[in-house]
Amino acid sequence: MGRSQSDPPKSNDQTAISSKRKREDEAHRRDLDSKRKKLLVTRRQLPIWTHQKAIRAAVRDHDVLVLSGETGSGKSTQVPQFLLDMFRSSKIAVTQPRRVAAISLARRVADEVGTPCGSSSPASTVGYSVRFDQSTSPSTRIKFLTEGMLLQEMLRDPKMSQYNCIIVDEVHERSINVDLLLGFLKQLLAERRRGRNPLKVVVMSATADVETISNFFSKSAPQTNGHSTPVPGTDTEDNTAEASSAASWQGIADDEAGAPNDEVNASNDTKSSVNICHVEGRQHPVKTTYLPQPTEDVIDTALQRIFKIHCGEPMPGDVLVFMTGQETIQNLQKLLEELAENLTRDFPKLLVLPLFAALSQTAQQRIFEPAPPNTRKVILSTNIAETSVTVPGVRYVVDTGKAKIKKFRNQIGLDSLLVKPISQSSADQRKGRAGRESAGQCYRLYTEEGFMSFDRDNTPEILRCDLSEALLKMKARGVDDVLNFPFLTPPPREALEKALMQLLQLGALNEDGKISKIGLPVARLPLTPSLGRVIVEAATLDCLLEVIDIVACLSVENIFLNVDTEDARGKAQEARQQLFRRQGDHLTLLAAVQAYASETSDRRRWCDDHLISHRAMKGAMDVRKQLRAQCKQAKLLPEKAEVETENGPPYEAVSDNILKAFVRGFMNNIARLCPDGSYKTFIGNQTVAIHPSSVLFGRKVEAIMYNEFVYTSKAYARGVSAVQLRWLEEVIG
Ligand code: CDP
């Protein structure tokens, strides 16, 4: 359209700017298109590619498709694209157990589709949503999101009406959220089938245990209360006939599949029709080497192995090392970097990259970038890289055989993190990472007998974790009878009862078991019920901004860098100690955030001067921004609460209130000082020591409150503050 008479004439500058922008847009489009074409060649070689039509037919003709296939066969990246034009007017959701996978998949699929990713352009059709980071546009059609985020969306929109297809990926990980999601989806399928907007569900797994999932969906959904409408006349008998007669993978010939359309079929039956498919993998041979004897010092053995690979193996290729957690990873990283400095020029350089859940997104995404010339990447990862993410270029895997596993300890009524041997299936997944692109090598830092003693499979999280978060989500979705919820694996009744008790104690449920006025905002915050309760309490105690700052720090990696006492740089150590607060870690974190936020000149330098991780601090600032927005949305914080806490009244005035808010959410994590100088928990009377990383380490106070219970060489409390016993009564009211 031409310019109207009333438009002001454009200046030469404006014209130049607008034609420059046009040229840039055009160049960007060409760039995206050439990337798309290049990737199409790779996509066509994926094992899943030849099954495209059959997958579409299976989804068109059934409510649920259960698709199994080796990691790397192309499930996560291709299936959403295969299905996209079957659902012309709505979105496809693809869930992932982990943030890093959701983001990297969104970026990869955006490149393959030839569209900008996320919120970078209003025309972008592929986006993602993870805790504290939403990156979608009005045009988003494929949305990768963590299971937790989809559950959050379900609370806001119980019918999930914006989606016609929900793909639940990586089900073999059996996270508690995925189990919950499958239960909700089973109920939703029955509801949506009766409406005009049927839902299709694709469940994808790297292992072949598809029968359980298929049987689960082909049984009738039980009656539900609340948002989920009861299904009249349903029974609970196993619909084996339907499950077994469901078209098998080979049963659908490509030419039977028909042309793509948005008229997907939906049956009127109250039971879901399920189709099972399997895609073969593409795995190169991987040679496995065990240790002849068990090792006493796994870090040292890993260090030696990595250097043997680097200096001794002729094949190029990156190294992926599986470790237990942030601390061991950072220790090994430091040692590797020190030793790598002494490498002679005859060897390539080493680039060491950590990968663990609490790491910032930017740092996590670095593992996907190709190493610079003449450099070998060594990725030190927790079990995140086991199945969720594909790191290109890996040819060597070093497996310590251990992982940090969350376990609910009935005795103390808390989740604790324990370092445990992995399962045989995890070990095999880890090994498989070496054979993605070519033949590889896997070094197991344990003996073959050790491997034989591992459990065959992982125990689903729902059988070993605190269920309070899951239960609160169920209650918020109107599932009042949690004992009859369709769980893929029903958790023990005792664990459900414990979780109900905890929610009652938090005040998140009323006496009648229904969600309370306090419980609703707690369920909607992307935090554990305990932390959510702290936030709600802080709103009433007038210290919400401060508490958000602390919660933001607790949600990211440790902000204080590990320092060896010998090499601690005197002045920096002194500067850091000025941030330490005698009341403990919570107020220390607050002091650090506030000092960082008020630093306007050079924040990176400030971090160096205080031995604080700049990366962690930037992450905490992001989380703080998001939490503030969410608290405003939940009306816990007034719209105009943008005043920086550092400009507000000094927090000393509210420091007791801050700690009281934490006591309200963490009443089960309180231990009192005993005459023998030890701390014993109120619940379970268990001895717990203050972790050496705490500013309260070595101090004796009346009682302590802590956020985390870790069991390494002994039982440790982490994230600890001194509290007064009389606060307990005051807080309970
Ligand atoms: O889901 P599944 O494990 O079956 O495979 P996928 O995640 O779809 O990955 C298929 C292939 O895409 C991988 O082998 C990688 O080569 C590539 N890919 C990638 O380069 N970057 C990603 N973020 C994801 C996949």
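In case you wondered, yes, glycine gets a Cβ from its N, Cα and C as well.
Note that the structure is a prediction, hence the values are computed from the model and not measured.
Features of the protein shown, as given by TrEMBL:
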COMPBIAS  1-18  compositional bias 'Polar residues'
REGION    1-32  region 'Disordered'
COMPBIAS  22-32  compositional bias 'Basic and acidic residues'
DOMAIN    56-226  domain 'Helicase ATP-binding'
COMPBIAS  218-228  compositional bias 'Polar residues'
REGION    218-249  region 'Disordered'
DOMAIN    302-478  domain 'Helicase C-terminal'
If one takes Cβ-Cβ under 8 Å and requires six or more residues beyond its ends, the residues near the compositional bias 'Basic and acidic residues' (22-32) are 111, 114-116
Averaging pLDDT over all residues of the domain 'Helicase C-terminal' (302-478) gives 88
When DSSP states are grouped into helix, strand and coil, how many residues of the compositional bias 'Basic and acidic residues' (22-32) land in each? 11 helix, 0 strand, 0 coil
